[in-house]
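Below: one structure, written as structure tokens.
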Amino acid sequence: MRHDCTDFRQLFLDDVPMMDMRAPVEFAKGAFPGVVNLPLMTDQERQKVGTCYKQQGQAAAITLGHQLVSGTLKRERLHAWASFAKAHPDGYLYCARGGLRSLIVQQWLRDEAGIAYPRIKGGYKALRTFLLDTTQQAVEQCDFVLVGGLTGTGKTDVLHQLNNVIDLEGHANHRGSSFGKRATAQPAQIDFENKLAIDVLKKRARGIEQFVLEDEGRIVGSCTVPLELYQGMQQYPLVWLEDSFENRVERILRDYVINLCAEFVALHGEELGRRLFAERLLQSMSNIHKRLGGERYQRLSEIMRLALDEQQRSGGIDLHRGWIEGLLKEYYDPMYAYQRDAKADRVEFAGDAVEVREYLKARNR
């Protein structure tokens, strides 16, 4: 018989299957990768029990809970829990704090399905605290270096060739710029933090103690970099990636036009996907309207519209280079040049993609 679990580190390192007893509304606010939500109560049932608890106390709330989850409902949920337990005999169950909900499910599984299934002591809150501490400890104990560079130099491409990268944009499902929103949604803030911490945990378990990050702002789309990490990023040494203007334009064309359009088409089909892609590009330009200024915004938006019309009509993408070149020369490059000057004393190396990659690999030896 397996015992209830307190070894949170091994749970995440081994990707142990877990079922979450919390209500859907709790699960949506934050969960762990791969965990299955099989709630004891629906959102409405949980709300009723919570109100009863406040007004009449714990005993009355427990009685109401048993009344709400009974008969056919109870049998259906018990079947789902038992199916998970049989499919994942090495797994665990948990609720918010390792309290009544997980105890009740554990008891019902044992008494009515004949399955002894362990739970996680302390529940979701204990697991979440462990992951927050994991990130904090890494910031305190590990070595970090940032990769910076003008827009389109291929920072993400370089990072993906390293085994000690913490991919903030990947975890946030966002490219980091005003145009960085993907076709699929970003994770909830807590999910972003949890994935980041698990990534750090697994890499440290492999002996990695030096991490490479892209030089990001505090906000990556709608996800916020943990404060302790972001504060460190204001001081970490910086490696500056360089590339030609022409290569940068082509890379942006690839990422923000060709690949983004393909993402939308894959999700929504040809016609709707192309329309949503066009709307996304125009909205991204609109998001920096004030920073561009009226005249520049109108000019670049018109070039973008013409490019989108041509792409829709013939599939041609050449006209997109016009607004990309304009944005780089008139907006992104001056902004990044200013930021680089402000961080000049932290730049320990500069070079092209091959040179930067080799430098970072050597630095990690």
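Note: Cβ is positioned from N, Cα and C throughout, glycine not excepted.
Going by Swiss-Prot, these are the annotated features:
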{"type": "DOMAIN", "residues": "12-136", "note": "domain 'Rhodanese'"}
{"type": "ACT_SITE", "residues": "Cys95", "note": "active site, S-selanylcysteine intermediate"}
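Around Cys95 (active site, S-selanylcysteine intermediate), a 10 Å sphere centred on its CB holds 25 further CB atoms from the protein chains shown. Break the domain 'Rhodanese' (12-136) down by DSSP state and the numbers are 78 helix, 10 strand, 37 coil.
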